[in-house]
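Chemist: Would you mind keeping the following structure in view while I ask a few things?
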Amino acid sequence: MEKANQSVVSEFILLGLSHSQNLQILFFLGFSVVYVGIILGNSLILVTVTFDSCLHTPMYFLLINLSWNLSFLDMWLSSFATPKMIRDFLTDRKIISFGGCMFQIFLLHFTGGAEMVLLVSMAYDRYVAICKPLHYMTMMSRQTCIKLVLISWVIGFLHSISQVAFTVNLPYCGPNEVDSFFCDLPLVIKLACMDTYVLGILMISDSGLISVSCFLLVMISYTAILLSVRQRAAGSVTKALSTCSAHIMVVTLFFGPCIFIYLWPFSRFSVDKLLSVFYTIFTPLLNPLIYTLRNEEMKTAMKKLQNQVVTFH
């Protein structure tokens, strides 16, 4: 048993998105711009929510807290692998240490799991605000908001630590090439020097379960919203449909790849790398645009903050 638990692999080789030199240069430029956009967009939300006192009221407490946490998680979700991927586009040998690989798996499942639960909370918030406006302040109190945020972080941590605890103790004694731009759980498990089929099914079922269950809860909330406003004035229906369709698009781009990858973990497809890009890079870029920057209160707060900065200078 002691011998089986000793891993001789000290590093992994990431095969990246492409072996073409021209494509890697193109990817380097493109993903650099996207990553800067992610950091700037989410940082703007964090700064606005933190320093605008007008948003620190009971009416906006849930909005600012969920928005702040979503932006914070998006920055980490996009940063666990993207900076290294961008740097690797300029190198021929893409290497990551064993500890770095395990840390990537931990961060991915921690931030990803927490964000999934947080998106459910945001969908539920929209449901209460639109379908039960008279009870909103009671149902979505400060205590409720804090509980929802804490639950998302706790579930994300427990989900992540359960994945890493099993993965780090597997024996790795030979193959060390990961066919992706980061250490993806299904790919790393396959490199262990033992039969990991049953263990892999259990571990990946955990990821699949949290992805599918959260996605269904989000879709149920938005379906209930659309059914509720269907009998109202045409303007209300149009506004609700516009909001829900934008949210559903982002949710699908985030949950869809996760569900696809973790429902067929041992059958790798050529589109898996592309799907990984969607939920680790493009979704953190879209979330600020869809969930926060379209909100009138947030846009007003940002304009006020901009005017204060201009006046100060």
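Heads up, the Cβ atoms here are built off N, Cα and C, so glycines get one too.
In case it's useful when we look at the structure, here is the feature table from TrEMBL:
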- 41-291: domain 'G-protein coupled receptors family 1 profile' (DOMAIN)
- 25-47: transmembrane segment (TRANSMEM)
- 59-77: transmembrane segment (TRANSMEM)
- 97-124: transmembrane segment (TRANSMEM)
- 145-166: transmembrane segment (TRANSMEM)
- 209-229: transmembrane segment (TRANSMEM)
- 241-264: transmembrane segment (TRANSMEM)
- 276-293: transmembrane segment (TRANSMEM)
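Burial and contacts for the listed features, if you can.
Modeler: Long-range Cβ contacts of the transmembrane segment (25-47) within its own chain (Cβ-Cβ under 8 Å, at least 6 residues beyond either end) map to 17-18, 67-68, 71-72, 74-75, 78-79, 82-83, 85-86, 89-90, 281-282, 284-285, 287-289, 292-293, 298, 302, 305.
Within the same chain, residues 38-39, 42-43, 45-46, 49-50, 107-108, 111-112, 114-115, 118-119, 121-122, 125, 137, 140, 142, 144-146, 148-149, 152, 280, 283-284, 287-288, 291-292, 295, 297-298 sit at least 6 positions outside the transmembrane segment (59-77) and bring their C-beta atoms closer than 8 Å to a C-beta of that stretch.
Through the fold, the transmembrane segment (145-166) approaches residues 61-62, 65-66, 69, 102, 105-118, 121, 124, 185, 199, 203, 206-207, 210 of its own chain, all at least 6 residues removed from its boundaries and within a Cβ separation under 8 Å.
Here the transmembrane segment (209-229) has Cβ contacts under 8 Å with residues 113, 116-117, 119-120, 123-124, 126-127, 130-131, 155, 159, 236-237, 240-241, 244, 247-248, 251, 255, 258-259, 262 of the same chain, all six or more residues outside its ends.
If you look at the transmembrane segment (241-264), the same-chain residues 6 or more away from its ends with a CB under 8 A from one of its CBs are 112, 115-116, 119, 123, 126, 184, 186, 204, 207-208, 211-212, 214-215, 218-219, 222, 225-226, 229, 272, 275-276, 278-279, 282-283, 286-287, 290-291, 294.
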